[in-house]
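Participant: Right, I'll just put the structure down here and ask away after.
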Amino acid sequence: MHKKLIIFDLDGTLTESKSDMDAEMSRLLCALLAKKPVAVIGGGKYELFQRQLLKKLRCPGSRLRRLYLFPTTSTAFYRYGTRGWRRVYVHALTKGQRRRISRAFQKVLRELEYVPPVKLYGNVIEDRGTQVTFSALGQDIVRVLGEKGVRLKKEWKRKNTALKMKIARRVQRELPDLEVRAAGYTSIDVTQKGIDKAYGIRQIRTHLNVPVRDMLFVGDALEPGGNDYAARRTGVRCVPVSGPRATKKLIRSLLRD
(Lines of atoms letter the chains of each structure in order from A; the text may use other names.)
(Lines give C-alpha, C1' and ligand atoms only; values in the text may rest on other atoms or scores of the structure.)
Protein backbone atom coordinates (compact mmCIF):
# COMPACT_ATOMS: atom_id res chain seq x y z
CA MET A 1 0.00 0.00 0.00
CA HIS A 2 2.15 2.84 -1.27
CA LYS A 3 0.02 5.81 -0.24
CA LYS A 4 1.32 9.35 0.28
CA LEU A 5 -0.89 10.21 3.26
CA ILE A 6 -2.58 8.09 5.95
CA ILE A 7 -5.83 9.20 7.62
CA PHE A 8 -6.89 7.68 10.93
CA ASP A 9 -10.11 7.82 12.86
CA LEU A 10 -9.35 8.49 16.57
CA ASP A 11 -11.70 6.67 18.96
CA GLY A 12 -11.76 2.93 18.37
CA THR A 13 -8.86 3.17 15.92
CA LEU A 14 -5.83 4.94 17.43
CA THR A 15 -7.29 4.82 20.95
CA GLU A 16 -10.11 3.15 22.81
CA SER A 17 -13.19 5.36 23.14
CA LYS A 18 -12.24 8.67 24.81
CA SER A 19 -9.10 7.01 26.19
CA ASP A 20 -5.47 8.13 26.03
CA MET A 21 -3.18 6.76 23.35
CA ASP A 22 -0.81 4.16 24.78
CA ALA A 23 2.99 4.29 24.60
CA GLU A 24 3.28 1.67 21.87
CA MET A 25 0.86 3.53 19.59
CA SER A 26 2.78 6.74 20.29
CA ARG A 27 6.03 5.14 19.13
CA LEU A 28 4.43 3.66 16.02
CA LEU A 29 2.68 6.89 15.05
CA CYS A 30 5.88 8.90 15.51
CA ALA A 31 7.76 6.40 13.34
CA LEU A 32 5.07 6.66 10.66
CA LEU A 33 5.31 10.47 10.73
CA ALA A 34 8.99 10.11 9.84
CA LYS A 35 7.91 8.43 6.59
CA LYS A 36 4.75 10.25 5.50
CA PRO A 37 2.05 12.77 6.52
CA VAL A 38 -0.75 11.63 8.82
CA ALA A 39 -4.20 13.14 9.41
CA VAL A 40 -6.58 12.29 12.26
CA ILE A 41 -10.34 12.86 11.97
CA GLY A 42 -12.45 12.27 15.07
CA GLY A 43 -15.69 13.29 16.73
CA GLY A 44 -14.14 14.71 19.90
CA LYS A 45 -13.40 18.39 20.39
CA TYR A 46 -9.85 19.75 20.07
CA GLU A 47 -9.28 19.63 23.83
CA LEU A 48 -9.96 15.89 23.70
CA PHE A 49 -7.47 15.50 20.85
CA GLN A 50 -4.92 17.28 23.03
CA ARG A 51 -5.54 14.95 25.97
CA GLN A 52 -5.91 11.65 24.11
CA LEU A 53 -3.36 12.16 21.36
CA LEU A 54 -1.00 15.12 21.59
CA LYS A 55 -0.04 14.83 25.26
CA LYS A 56 0.85 11.17 24.72
CA LEU A 57 2.67 11.61 21.41
CA ARG A 58 6.42 11.74 22.04
CA CYS A 59 7.55 13.20 18.75
CA PRO A 60 9.87 16.07 17.67
CA GLY A 61 8.37 19.21 16.17
CA SER A 62 9.85 18.38 12.78
CA ARG A 63 7.55 15.35 12.61
CA LEU A 64 4.54 17.10 14.14
CA ARG A 65 4.59 19.39 11.10
CA ARG A 66 3.37 16.35 9.16
CA LEU A 67 0.44 15.69 11.52
CA TYR A 68 -2.95 17.25 10.69
CA LEU A 69 -5.87 17.25 13.11
CA PHE A 70 -9.58 17.44 12.23
CA PRO A 71 -11.58 17.40 15.51
CA THR A 72 -15.36 17.40 15.87
CA THR A 73 -15.74 15.44 12.63
CA SER A 74 -13.64 17.93 10.61
CA THR A 75 -15.63 21.02 11.62
CA ALA A 76 -12.18 22.39 12.54
CA PHE A 77 -8.63 21.89 11.22
CA TYR A 78 -5.37 22.32 13.18
CA ARG A 79 -1.78 22.09 11.99
CA TYR A 80 1.63 22.51 13.64
CA GLY A 81 3.96 25.42 12.89
CA THR A 82 6.72 27.56 14.39
CA ARG A 83 4.37 28.78 17.14
CA GLY A 84 2.87 25.39 17.90
CA TRP A 85 -0.61 24.24 17.00
CA ARG A 86 -2.83 26.73 15.18
CA ARG A 87 -6.36 26.56 13.86
CA VAL A 88 -6.72 26.78 10.08
CA TYR A 89 -10.54 26.92 9.94
CA VAL A 90 -13.61 26.37 12.11
CA HIS A 91 -17.30 25.91 11.23
CA ALA A 92 -19.11 26.84 14.43
CA LEU A 93 -22.80 26.36 15.07
CA THR A 94 -24.71 29.51 16.03
CA LYS A 95 -26.25 29.82 19.49
CA GLY A 96 -29.66 29.51 17.90
CA GLN A 97 -28.69 26.31 16.10
CA ARG A 98 -27.28 24.79 19.27
CA ARG A 99 -30.50 25.58 21.16
CA ARG A 100 -32.57 24.02 18.37
CA ILE A 101 -30.44 20.87 18.45
CA SER A 102 -30.82 20.47 22.20
CA ARG A 103 -34.59 20.94 21.94
CA ALA A 104 -34.80 18.45 19.07
CA PHE A 105 -33.07 15.77 21.13
CA GLN A 106 -35.33 16.45 24.10
CA LYS A 107 -38.45 16.29 21.90
CA VAL A 108 -37.45 13.04 20.19
CA LEU A 109 -36.43 11.33 23.43
CA ARG A 110 -39.73 12.34 25.00
CA GLU A 111 -41.76 11.10 22.01
CA LEU A 112 -39.91 7.77 22.01
CA GLU A 113 -40.46 7.47 25.78
CA TYR A 114 -36.72 6.96 26.10
CA VAL A 115 -35.63 5.70 29.52
CA PRO A 116 -32.05 6.78 30.30
CA PRO A 117 -29.65 4.55 32.22
CA VAL A 118 -29.98 4.76 35.99
CA LYS A 119 -26.41 6.06 36.33
CA LEU A 120 -25.10 8.84 34.08
CA TYR A 121 -21.60 10.29 33.94
CA GLY A 122 -21.61 13.95 32.94
CA ASN A 123 -23.85 15.72 30.45
CA VAL A 124 -25.90 13.60 28.07
CA ILE A 125 -26.10 16.47 25.56
CA GLU A 126 -22.80 18.34 25.17
CA ASP A 127 -22.34 21.63 23.31
CA ARG A 128 -18.93 21.44 21.61
CA GLY A 129 -19.33 24.74 19.77
CA THR A 130 -18.92 23.28 16.29
CA GLN A 131 -20.90 20.15 17.14
CA VAL A 132 -23.59 19.09 19.61
CA THR A 133 -23.28 15.50 20.80
CA PHE A 134 -25.72 13.19 22.57
CA SER A 135 -24.01 10.48 24.63
CA ALA A 136 -26.34 7.90 26.14
CA LEU A 137 -24.19 7.20 29.22
CA GLY A 138 -22.87 10.73 29.67
CA GLN A 139 -19.79 12.46 28.26
CA ASP A 140 -17.49 11.60 31.17
CA ILE A 141 -17.99 7.86 31.64
CA VAL A 142 -14.52 6.88 30.40
CA ARG A 143 -12.81 9.68 32.32
CA VAL A 144 -14.54 8.51 35.52
CA LEU A 145 -14.47 4.71 35.08
CA GLY A 146 -11.54 4.15 32.70
CA GLU A 147 -11.55 0.74 30.97
CA LYS A 148 -14.80 -0.20 32.70
CA GLY A 149 -16.40 2.83 31.05
CA VAL A 150 -15.23 1.63 27.62
CA ARG A 151 -16.72 -1.81 28.33
CA LEU A 152 -20.05 -0.27 29.40
CA LYS A 153 -20.17 1.80 26.20
CA LYS A 154 -19.53 -1.27 24.05
CA GLU A 155 -22.23 -3.18 25.95
CA TRP A 156 -24.72 -0.33 25.48
CA LYS A 157 -23.97 -0.33 21.74
CA ARG A 158 -24.57 -4.08 21.45
CA LYS A 159 -27.96 -3.76 23.07
CA ASN A 160 -29.13 -0.41 21.70
CA THR A 161 -27.73 0.20 18.20
CA ALA A 162 -31.21 0.04 16.62
CA LEU A 163 -32.52 2.53 19.18
CA LYS A 164 -29.60 4.90 18.59
CA MET A 165 -30.16 4.81 14.83
CA LYS A 166 -33.88 5.48 15.36
CA ILE A 167 -33.12 8.50 17.56
CA ALA A 168 -30.67 9.81 14.94
CA ARG A 169 -33.22 9.47 12.12
CA ARG A 170 -35.92 11.23 14.14
CA VAL A 171 -33.59 14.07 15.13
CA GLN A 172 -32.56 14.46 11.47
CA ARG A 173 -36.24 14.94 10.58
CA GLU A 174 -36.44 17.69 13.18
CA LEU A 175 -33.28 19.36 11.83
CA PRO A 176 -33.34 19.02 8.02
CA ASP A 177 -30.91 21.93 7.58
CA LEU A 178 -28.22 20.27 9.74
CA GLU A 179 -26.19 17.04 9.62
CA VAL A 180 -27.10 14.28 12.11
CA ARG A 181 -24.90 11.18 12.44
CA ALA A 182 -24.84 8.15 14.70
CA ALA A 183 -21.27 8.15 16.00
CA GLY A 184 -19.08 6.06 18.26
CA TYR A 185 -20.54 3.52 20.66
CA THR A 186 -23.17 5.65 22.38
CA SER A 187 -23.13 9.00 20.58
CA ILE A 188 -25.09 11.01 18.02
CA ASP A 189 -23.39 14.09 16.53
CA VAL A 190 -24.98 17.15 14.92
CA THR A 191 -22.97 19.61 12.81
CA GLN A 192 -23.48 22.07 9.99
CA LYS A 193 -25.00 20.46 6.89
CA GLY A 194 -22.59 18.53 4.70
CA ILE A 195 -19.82 18.22 7.28
CA ASP A 196 -18.67 14.67 7.92
CA LYS A 197 -15.52 12.60 7.36
CA ALA A 198 -15.95 12.86 3.59
CA TYR A 199 -15.81 16.63 4.01
CA GLY A 200 -12.62 16.23 6.04
CA ILE A 201 -11.02 14.15 3.29
CA ARG A 202 -11.90 16.82 0.72
CA GLN A 203 -10.33 19.46 2.99
CA ILE A 204 -7.16 17.37 3.19
CA ARG A 205 -7.09 17.24 -0.61
CA THR A 206 -7.54 21.02 -0.83
CA HIS A 207 -5.20 22.18 1.95
CA LEU A 208 -2.44 19.60 1.51
CA ASN A 209 -2.70 19.16 -2.26
CA VAL A 210 -2.82 15.36 -2.02
CA PRO A 211 -5.14 13.54 -4.46
CA VAL A 212 -7.69 11.23 -2.86
CA ARG A 213 -6.21 8.29 -4.78
CA ASP A 214 -2.96 8.81 -2.83
CA MET A 215 -4.67 8.63 0.59
CA LEU A 216 -5.50 5.68 2.84
CA PHE A 217 -8.30 5.90 5.43
CA VAL A 218 -8.22 3.67 8.52
CA GLY A 219 -11.29 3.35 10.74
CA ASP A 220 -13.26 0.99 12.96
CA ALA A 221 -16.76 1.93 11.73
CA LEU A 222 -16.67 1.75 7.93
CA GLU A 223 -19.83 -0.36 7.63
CA PRO A 224 -23.09 1.28 6.43
CA GLY A 225 -24.41 3.38 9.30
CA GLY A 226 -20.98 3.57 10.93
CA ASN A 227 -19.47 6.95 11.68
CA ASP A 228 -16.56 6.31 9.27
CA TYR A 229 -18.78 5.20 6.39
CA ALA A 230 -18.91 8.69 4.85
CA ALA A 231 -15.22 8.34 3.97
CA ARG A 232 -16.11 5.68 1.38
CA ARG A 233 -18.10 8.23 -0.64
CA THR A 234 -14.89 10.02 -1.60
CA GLY A 235 -13.41 6.96 -3.29
CA VAL A 236 -10.50 6.87 -0.83
CA ARG A 237 -9.06 3.42 -0.20
CA CYS A 238 -10.37 2.29 3.20
CA VAL A 239 -8.97 -0.27 5.63
CA PRO A 240 -11.34 -1.43 8.40
CA VAL A 241 -9.83 -2.24 11.79
CA SER A 242 -11.35 -3.78 14.91
CA GLY A 243 -9.53 -1.52 17.36
CA PRO A 244 -6.12 -0.11 18.35
CA ARG A 245 -4.44 -3.53 18.32
CA ALA A 246 -5.35 -4.05 14.66
CA THR A 247 -4.30 -0.48 13.89
CA LYS A 248 -0.85 -1.15 15.36
CA LYS A 249 -0.50 -4.19 13.12
CA LEU A 250 -1.42 -2.09 10.09
CA ILE A 251 1.06 0.67 11.00
CA ARG A 252 3.83 -1.91 11.34
CA SER A 253 3.06 -3.12 7.82
CA LEU A 254 3.12 0.47 6.54
CA LEU A 255 6.51 1.00 8.16
CA ARG A 256 7.86 -2.06 6.34
CA ASP A 257 6.74 -0.78 2.91
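Each Cβ is built from the backbone N, Cα and C atoms, and glycine gets one as well.
What TrEMBL says about a protein is an automatic prediction, not a curated fact.
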Participant: Which of these, ARG128, ARG245, ARG252, ARG256, does TrEMBL say binds alpha-D-mannose 1-phosphate at the same site as SER187, ASP189?
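Facilitator: Among ARG128, ARG245, ARG252, ARG256, only ARG128 appears alongside SER187, ASP189 as alpha-D-mannose 1-phosphate-binding in TrEMBL.
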Participant: To which of ASP220, ASP257 does TrEMBL also attribute binding of Mg(2+) at the site defined by ASP9, ASP11?
Facilitator: ASP220
Participant: Cβ within 8 Å of the Mg(2+) site centroid (ASP9, ASP11, ASP220 excluded): which residues?
Facilitator: PHE8, LEU10, GLY12, THR13, LEU14, GLY42, GLY184, GLY219, ALA221, ASN227, ASP228
Participant: Other residues near the alpha-D-mannose 1-phosphate site, CB within 8 A of the CB centroid of ARG128, SER187, ASP189?
Facilitator: GLY43, GLY44, THR72, THR73, GLU126, GLN131, VAL132, THR133, PHE134, SER135, ALA183, GLY184, ILE188, VAL190
Participant: Check each residue in the chain of ASP220 (Mg(2+) binding site) that is at least six apart in sequence and keep those whose C-beta is under 8 Å from its C-beta; list them in sequence order.
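Facilitator: Listed in sequence order, they are ASP9, GLY12, THR13, GLY226, ASP228, PRO240, VAL241, SER242, GLY243.
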Participant: Which residues, sitting 6 or more apart from ASP189 (alpha-D-mannose 1-phosphate binding site) on the same chain, put a CB under 8 Å from its CB?
Facilitator: GLY43, THR72, THR73, GLN131, VAL132, THR133, VAL180, ARG181, ALA183, ASN227
